[in-house]
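**Student:** Structure below; questions to follow.
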Amino acid sequence: MAPSNSSVSVSSTFYLTGIPGYEEFHHWISIPFCLIYIIGLTGNCSILHIVRTDPKLHEPMYYFLAMLSLTDMAMSLPAMVSLFRVLWSISREIQFNICVVQMFLIHTFSFTESSVLLAMALDRYVAICHPLRYATILTPKLIAKIGIAALLRSAIPLIPLLVRLAFFSFCRSHVLSHSYCLHQDIIRLACADIRFNVIYGMVVILMLWGMDSLGILITYVFILHSVLRIASREGRLKALNTCASHICAVLILYVPMIGLSIVHRFAKHSSPFVHIFMAHIYLMVPPVLNPIIYSVKTKQIRQGIFHLICPHKINSSAM
């Protein structure tokens with residue numbers, strides 16, 4: 001008979017999964033993962049440094065970009081720690097309480113990133129549709145409140161889900177599908193009624209990701225309506241070009257996120273490699289590509305990165 005008291009589940013040890021079928025190559029596989037993570041970390045830290053040190057970038061758009069960089073790093077760091085522990089053969093084991101904390105951080109910051117992207121869409125709306133009131137509407141104080149609200153809005157709804165996990169017993173296999181902990185992965189191992197977690201989890205996803213994506217869509221409808229009223233073709237293209245980076249960031253987050261959700265819910269019996277691949281795409285692509293996209297599409301960020309890489313050339317050319 002499966003143990004039913006909560007102490008069993010709290011003391012449970014789970015086992016993380018690396019790349020199935022390629023265990024003997026884990027050390028070699030860790031090299032590209034490490035390089036990708038370093039690229040993402042370097043890019044996001046560079047953006048944070050540039051926004052902090054350049055007074056010309058102390059504007060709403062760049063504050064939100066810094067918020068996006070922080071969220072990217074916070075979302076990927078917990079998963080990367082356990083991934084490298086597996087790939088470097090340090091340990092596949094993860095204790096239940098650590099797993100819950102990791103799960104909480106990953107889900108919280110993935111929801112927060114969605115909220116930040118909604119805030120960035122509203123920033124573009126104000127900049128394009130109400131340019132004269134841009135600085136007076138989006139004050140630093142309001143931006144700070146938006147950031148705090150996005151974090152709390154993402155964290156608080158997760159608490160009931162994670163609290164219920166403490167009362168589950170896990171009598172089946174303790175092997176997780178990924179190299180880090182996800183709620184939808186761990187509840188499938190529970191020997192308990194998980195209907196609340198499944199239904200409530202879907203409600204949280206619809207209320208957070210669903211409302212954010214709907215808000216972004218509605219915002220861009222208003223932006224497009226305003227842009228089409230601009231008389232000159234150059235003016236319309238210039239206005240739309242300011243949104244290009246943000247649209248790419250939205251796609252980079254939502255496409256892998258939707259793909260991972262589909263794999264978990266409708267392709268449970270597919271190859272484990274598919275689950276692993278989608279899980280790593282979901283957490284590693286946004287932190288790597290967002291800094292690249294914004295540095296390519298945003299002149300001020302691009303100049304700031306050139307200044308970081310070649311400060312002497314920049315200074316000599318200015319003299």
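Think of each number as a place in line: the chain as shown, counted from 1.
Note: Cβ is positioned from N, Cα and C throughout, glycine not excepted.
TrEMBL labels come from automatic prediction, so no person has curated them.
Here's the feature list from TrEMBL:
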DOMAIN    43-294  domain 'G-protein coupled receptors family 1 profile'
TRANSMEM  28-51  transmembrane segment
TRANSMEM  63-88  transmembrane segment
TRANSMEM  94-122  transmembrane segment
TRANSMEM  142-167  transmembrane segment
TRANSMEM  198-223  transmembrane segment
TRANSMEM  244-267  transmembrane segment
TRANSMEM  273-293  transmembrane segment
**Student:** Quickly jot the same-chain residues contacting the transmembrane segment (244-267) by Cβ under 8 Å, restricted to those at least six beyond its ends, or write none.
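**Tutor:** Cβ under 8 Å, 6 or more out: 68, 110, 113-114, 117, 120-121, 124, 182, 184-185, 205, 209, 213, 216, 220, 274-275, 278-279, 281-282, 285-286, 289-290, 293-294, 297-298.
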**Student:** Of the stretches 28-51, 63-88, 94-122, 198-223, which racks up the most C-beta pairs under 8 Å with the transmembrane segment (273-293)?
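**Tutor:** Comparing 28-51, 63-88, 94-122, 198-223: 28-51 has the most Cβ pairs near the transmembrane segment (273-293).
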**Student:** If you average per-residue pLDDT over the domain 'G-protein coupled receptors family 1 profile' (43-294), what number do you get?
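**Tutor:** That region's mean pLDDT is 89.
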